[in-house]
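J.: Would you mind keeping the following structure in view while I ask a few things?
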Amino acid sequence: MLKRYLVLSVATAAFSLPSLVNAAQQNILSVHILNQQTGKPAADVTVTLEKKADNGWLQLNTAKTDKDGRIKALWPEQTATTGDYRVVFKTGDYFKKQNLESFFPEIPVEFHINKVNEHYHVPLLLSQYGYSTYRGS
């Protein structure tokens, strides 16, 4: 009986794992923040995804970075469409929690999505008085 239970448990886990991996891969947008001053990930930073609209920006989703400075799935559950987007990193609050000043209270990074079947990764290398970003993989 125990052997049958173990076999069923392993089989169930094996079939579930591809579904979990596939769900994470289907999300087309991820971000990652590294603090260049400490060399460590920037955890608990609020990041907002917005789409360019006729009269400004339309908020699509908001999330916080995990302990590794990542949001692995920032795109909302709705279907992706081509267009102009931006992620806004709320960095002022991050530094304020550490009793540090920052020149940039927010860092908006605009980008264009032209292929909804590709993955887009936006890394942010951050310090109190500067930042760098690029299209990651």
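From the backbone N, Cα and C atoms, a Cβ is placed for every residue, glycine too.
Under the heading signal peptide, Swiss-Prot lists 1-23, citing experimental evidence as support. For HIS32, ARG70, TYR134, the entry in Swiss-Prot reads substrate binding site.
Walk me through the surroundings of each of these features.
T.: In sequence order, SER30, VAL31, HIS32, ILE33, PRO41 are the residues of the chain that are 6 or more apart from ARG70 (substrate binding site) and have a CB within less than 8 Å of its CB. ARG70 (substrate binding site) falls within a strand segment according to DSSP.
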J.: Could you tally the C-beta atoms, other than its own, that fall within 10 angstroms of the C-beta of HIS32 (substrate binding site)?
T.: 19
